[in-house]
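Below is one structure, written out as structure tokens, with a few remarks after it.
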Amino acid sequence: MKKFLLKPKKSLGQNFILSSEITKKIVALAGSLENFNVIEIGPGYGALTREILVHNPKSLLSIEKDRDLVKHHDQLLNEHQGKYRIIEADALHVTEEELIERPVKVIANLPYNIS
């Protein structure tokens, strides 16, 4: 996490997944993602995001409240144009119907303050 130069913000309840073993387990619990639109809440640095994209969802929308973290997704946005997008928003104040078509799966490493 030192290479990113950002520390988790306690005020946002942030916790970052850096282990690929953990991201693989989380995505496996969601089942097949093919033909599903996926919403990811709190993508942080994108470790879980990358694992979701490996499983070929129809689309992936990440919702990140922290502006400093949104900019860390530029490379993923370029690599997955048309399939991946990220918005800066508080996930507690948006509804999936506003954002993405069904069928939907929600995958998250929720911040402590909303879990």
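Cβ coordinates are placed from backbone N, Cα and C, and glycine is handled just like the others.
As annotated by TrEMBL, S-adenosyl-L-methionine binding site applies to Asn15, Ile17, Gly42, Glu64, Asp90, Asn109. What TrEMBL lists as domain 'Ribosomal RNA adenine methylase transferase N-terminal' is 22-115.
Highest Cβ count within 10 Å among the binding-site residues Gly42, Asn109: Gly42. Secondary structure from DSSP puts Asn109 (S-adenosyl-L-methionine binding site) in coil.
A strand conformation is recorded for Glu64 (S-adenosyl-L-methionine binding site) in the three-state DSSP classification. Confidence over the domain 'Ribosomal RNA adenine methylase transferase N-terminal' (22-115), given as mean pLDDT on the 0 to 100 scale, stands at 88. Using DSSP to sort the residues of the domain 'Ribosomal RNA adenine methylase transferase N-terminal' (22-115) gives these counts of helix, strand and coil: 39 helix, 21 strand, 34 coil. The secondary structure of Ile17 (S-adenosyl-L-methionine binding site), as reduced to three states from DSSP, is coil rather than helix or strand. Within the same chain, the residues at least 6 positions away from Ile17 (S-adenosyl-L-methionine binding site) whose Cβ sits under 8 Å from its Cβ are Thr23, Ile26, Gly44, Ala47, Leu48, Asn109, listed in sequence order.
Here the Cβ of Glu64 (S-adenosyl-L-methionine binding site) has 25 other Cβ atoms within 10 Å, regardless of which shown protein chain they belong to. Note on Asp90 (S-adenosyl-L-methionine binding site): other Cβ atoms within 10 Å of its Cβ, all shown chains, come to 12.
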